[in-house]
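Notes follow once the structure below has been shown.
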């Protein structure tokens, strides 16, 4: 088992990575401080893992909320479903929420935990690759709004993260590939050696070799933990983790949540960010081609939707959370393993690449 620690002083917490973690309930129980537990999951994950998890939490009073699956369900209505469930069953401040699912479940459960009675404990058990390498770590919680992705939320850290590699065996290939976009992101933005490792291990990753997947997930979580520890509220370096997300969030909002998976939108967003770097003479053509090739190796989209041009992108980008004083801010790769935040991108350059 790999155990990482996200160091945030009193709010520090462990990240456990192993096979069969969902069955290691003694470890899970050690992070639950009182008798009452509510598991939040969805109608895809519940038949796979919910009953077995509940059966092992025999020392606790456990109930559950089962939401519909999909990005479109990460909304204020389902946030209210969770809150109403907790109130109806008279859960108190000592209740622990467990997020059992992918990024949508983790985000909405974390936000409910942040808000219910001004804050209760929650634990992440991410079951998708994307949530394991990115969204379960770092304390970003939110729901979507029709006018923008993740526009209603809070920074609120979990008590622990349990990453069970075995859950990837039930993950559809499209979801796995979408998660690879976030994996590749770490290599592009700040770790050339990891990017090279990914290039060398494409076949092993696609084959689902557990040792390779464990190594890959641990590397991503360590990178995320290091960045979050130095900049929890995204006032500086943490913004680099949004590589591809300025374009990606615009795609998701314009196309309708769930039409494109988040990782698919981020994949295209990273290619567009690299094109922006090319247009600004900040990135070598050879480096751009390697970025595009690695993303394509996992059957991820690399071009924007045909019904989106400059006008559609800019409408959503103006609401981007990274903007400061009305200026659009972009995360741009300047080389494989290097990136920077720029607020000097001209509209002419944007129109050129879009």
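Any Cβ shown, glycine's included, is placed from N, Cα and C.
Taken from Swiss-Prot, the feature NAD(+) binding site applies to 69-74, 103-107, 127-128, 140, 149. The annotation Zn(2+) binding site is assigned in Swiss-Prot to 182, 245, 262 on the grounds of sequence analysis.
Packing around residue 73 (NAD(+) binding site) is summarised by its Cβ count: 20 other Cβ atoms lie within 10 angstroms of its Cβ, all protein chains included. Counting other Cβ atoms within 10 Å of each Cβ, the lowest count among the binding-site residues 69, 71, 107, 182 belongs to 69. Taking the Cβ of residue 128 (NAD(+) binding site) as reference, residues of its chain lying under 8 Å away and at least six apart in sequence are, in sequence order, 101, 102, 103, 167, 171, 175, 179. Geometry remark: residue 71 (NAD(+) binding site) versus residue 262 (Zn(2+) binding site), CA distance 8 Å.
Looking only at Cα atoms, residue 69 (NAD(+) binding site) sits nearest to 262 among the binding-site residues 182, 245, 262. In sequence order, 130, 134, 181, 185, 244, 248, 263, 265, 266, 269 are the residues of the same chain, not among 182, 245, 262, whose CB sits within 8 A of the CB centroid for the Zn(2+) site.
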